[in-house]
Amino acid sequence: RQALRSATGPEVDFARAEREHQLYVGVLRGKLGLQVLELPADESLPDCVFVEDVAVVCEETALLTRPGAPSRRKEVEAMKRVLESLNLNIVEMVDENATLDGGDVLFTGREFFVGLSRRTNQRGAEILADTFKDYAVSTVPVHDSLHLKSFCSMAGPNLIAIGSSEAAQKALKTMQQMSDHRYDKLTVPDDAAANCIYLNIPSKGHVLLHRAPEEYPESAKVFEKLKDHMLIPIANTELEKVDGSLTCCSVLINKASEL
């Protein structure tokens, strides 16, 4: 009830939200064999399930963000503890003029796109660029959506999944103009379904977690065209009510198994 939401709508069914989240974690851990570190729930922080927003991890460096919503800033503390336990190089965003949500950060494998939204500002993008100097960083204005990744994500090594709305297509055009690289695109009818999780797992190959057909049937049909991918549909009906997407609930870290 107390989680932030951009639009009023039906209440979250808490038991169902828990079941969906357990299935999500179960896929990552059980089906895909990833090591999953779960942060303890904090009942004082209604949005803390959306761990993506408080850290951007690339290679051996983790940038702890300064979330755009003041009520979420304390979430960074638990994330800092767990990232320190992984011996990553930690960079903290301490500039009080900066805001950055991880949901506005799209890393393509060769560069970063950072959405300038209600939650992320230019100064936040500049600190990200200073932190990850090996990569180009371009900013993309985000209108009519909470985050950049509310309507796009990576669906493969060179493949951007993008929603069909005017705002999504406009943002894609900006990204294409900003980049020296030509990306392939996968356009899905529903903006929310364009948020998917791509993984390249040595024993499994290309893996894509995408929204379930019962939620977005037309978008699911588009994903089914990706014949080279192991496709795993995941339901996210409840957390979507409070602006949650599939990428929001995890931070992916590529690290040798030494935990």
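Start at 1 and count along the chain as shown; that gives each residue its number.
The backbone N, Cα and C atoms fix where each Cβ goes, glycine too.
Nobody curates TrEMBL annotations by hand; they come from automatic prediction.
Model, not experiment: these values are computed from the prediction.
Residues or ranges marked as active site, proton donor in TrEMBL: His147. The active site, nucleophile annotation in TrEMBL covers Cys248. Look at TrEMBL and you will find Leu4, Asp47, Glu52, Asp53, Arg72, Arg119, Val242 tagged as substrate binding site.
Across the residues annotated as binding substrate (Leu4, Asp47, Glu52, Asp53, Arg72, Arg119, Val242), the two Cα atoms farthest apart lie 15 Å from each other.
Between the recorded positions Leu4, Val242, Cys248, the minimum number of other C-beta atoms within 10 Å of a residue's C-beta occurs at Leu4. Considering only the binding-site residues Leu4, Asp47, Arg119, the residue whose Cα is spatially closest to the Cα of Cys248 (active site, nucleophile) is Asp47. Sitting within 8 Å of the Cβ centre of Leu4, Asp47, Glu52, Asp53, Arg72, Arg119, Val242, and not among those site residues for substrate, are the Cβ atoms of Ala3, Phe50, Pro67, Ala69, Asp101, Gly103, Asp243, Cys248. Among the listed recorded positions, namely Arg72, Arg119, His147, the Cβ with the most fellow Cβ atoms inside 10 Å is that of His147. Within the same chain, the residues at least 6 positions away from Asp53 (substrate binding site) whose Cβ sits under 8 Å from its Cβ are Asp47, Thr65, Pro67, Arg72, Glu75, Asp101, Gly102, Gly103, Arg119, Cys248, listed in sequence order.
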